[in-house]
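Here is what TrEMBL says about this protein:
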- 28-46: transmembrane segment (TRANSMEM)
- 52-73: transmembrane segment (TRANSMEM)
- 103-125: transmembrane segment (TRANSMEM)
- 145-167: transmembrane segment (TRANSMEM)
- 179-198: transmembrane segment (TRANSMEM)
- 287-308: transmembrane segment (TRANSMEM)
- 337-357: transmembrane segment (TRANSMEM)
- 369-390: transmembrane segment (TRANSMEM)
- 410-431: transmembrane segment (TRANSMEM)
- 443-466: transmembrane segment (TRANSMEM)
- 491-510: transmembrane segment (TRANSMEM)
Amino acid sequence: MAIAAVGNNLITYVINEMHFSLSKSANVVTNFVGTIFLLALLGGYLSDSYLGSFWTILIFGFVELSGFILLSVQAHLPQLKPPPCNMFFDGEHCTEAKGFKALIFFLAIYLVALGSGCVKPNMIAHGADQFNQENPKQLKKLSTYFNAAYFAFSVGELVALTILVWVQTHSGMDAGFGVSAAVMTMGLISLICGTLYYRNKPPQGSIFIPVAQVFVAAILKRKQICPSNPQMLHGSQSNVARKHTNKFRFLDKACIRVQQGTGSSSNDTKESPWILCSVAQVEQAKILLSVIPIFASTIVFNTILAQLQTFSVQQGSSMDTHLTKSFHVPPASLQSIPYILLIVVVPLYDSFFVPFARKITGHESGISPLQRIGFGLFLATFSMISAALVEKKRRDAAVNLNETISIFWITPQFLIFGLSEMFTAVGLIEFFYKQSLKGMQTFFTAITYCSYSFGFYLSSLLVSMVNNISSSSSTGGWLHDNDLNKDKLDFFYWLLAALSFLNFLNYLFWSRWYSYKPSQSQGDTNANESINLFGHSSKNYSGDDNIP
């Protein structure tokens, strides 16, 4: 709730209070949100390696809270902002925030980014860690937990985009940021209240060292020839359930024992872990490489999300916001539309669709995470098609007829994307959590959020590239002006629609290529035990999750 209230309406504050141009403001917001999700990797690493989920949430929760407080103070004190000015009517004469004022602003938002980024993946992973995955009944509920967690996030987003945005609009941004600080404090208190009841996963030490050892050993033994029989690889006998795979076979060289007993047997000769690795380590390194194409296929999806938080909000500002004669719809609240849909659809999906699909497919989640992601990516294309058509209608009405169409014309693009997000976002979280071995769940969950980061950074890059490529000596680019009636925002939306469809085709290829092998038992009582990356015993399930 706290971060959504800031992030989703930040563009309004940046334009109206900091007096940045529209394109620069959009980039400030997308870079801010992108940094949040990129820093999720830091949160995942610190949690799995040194702090554990609980302490990571607690420490960085207070960092995030300090950012909210500083942002609220700046919004409240006139001396920390440029002189008041209307950017839409007198933008050329407005003074942009620079120097100390800009420093305070960026310090505040990036304290929020650091805290929120490290908290996000740990919330998901800490909740999932409460389930005993050796218990088939609890394991079956893990998919339900991911849906429930996303439902809770949707409720927080909805409250932020309605009540808190209304507070920001009518009581000032300082009050809105203050409320974010207050609800963040409530969240930390709630977290602390459950301290005595949590199942806390102990940190395992650096999670990167075992993986790094694989690459180092494989490079040092690059001239070795892999044996034709995988059972000859070091550690293969103790790793029956995690079957050896033929992908990235050059990494198998890390498992070749080169010291064949001269004065003692080879089994008694202990090589350095930087020279000889187990099959379990190598297979985990292969998983890290294998999920990269799946991860990359969701970047364009999150670039579309960036438009709904930036240009679509400005699009709504140029439309008739009257709901009644006396009530106006705040444009930033348009982003609540997907979450209203999600609050209704997610429980229905989990209660009715999953049990029905489970009877047909036999999959614990109804449909596999990869299938769920693919369906969501397909729907995202239609969100941008709808956005382009509506923007063309809005601009034609404004320029040719001097009319302002209702803000509710842009509802379909938010509804379609909301449905798309339910499939893609939850499927991605479940997919990455189930790929990891014990000790790396939080980091793999953080990879999910890293996809958001690259999507928002790609949005900033596309805006700059489109402006440069589409500009000429006499006219600016598609997104050059602060006036959407002069810009060609619909062209930009069509570009994103085309990229989204090409990305979906790319995803179909990689999802077929990927061999889906969850690290945890899926309730099969006959599943064999395997040794995970850090030497602990875990149950394994091997299945095919390719899209048919």
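Using N, Cα and C of the backbone, Cβ positions are placed for all residues, glycine too.
Keep in mind that TrEMBL annotations are predicted by a computer and have not been checked by a curator.
Note that the structure is a prediction, hence the values are computed from the model and not measured.
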Top partner of the transmembrane segment (443-466) among 103-125, 369-390, 491-510 - counted as Cβ pairs under 8 Å
103-125
Contact call for the transmembrane segment (179-198) and the transmembrane segment (52-73): at least 3 Cβ pairs under 8 Å, seq gap 6+
yes
Among 28-46, 52-73, 145-167, 369-390, 491-510, which stretch has the most Cβ pairs under 8 Å to the transmembrane segment (287-308)?
491-510
Among 28-46, 52-73, 337-357, 369-390, 491-510, the stretch with the most Cβ pairs under 8 Å to the transmembrane segment (145-167) is 337-357
May I ask which of the stretches 28-46, 103-125, 337-357, 369-390, 491-510 has the most CB pairs under 8 A with the transmembrane segment (52-73)?
103-125
At a C-beta cut-off of under 8 Å, are there same-chain residues at least 6 beyond the transmembrane segment (491-510) that contact it? List them, or none.
293-294, 297-301, 303-304, 307, 311, 373-374, 377-378, 380-381, 384-385, 387-388, 391, 462-463, 466, 470, 478-479, 547
Going along the chain, which residues at least six beyond the ends of the transmembrane segment (369-390) come within the CB cut-off of under 8 Å?
294, 297-298, 300-301, 304, 307-308, 312, 315, 409-410, 412-414, 416-417, 419-428, 430-431, 434, 490-491, 493-494, 496-497, 500-501, 503-504, 507-508, 511, 514, 516, 545-547
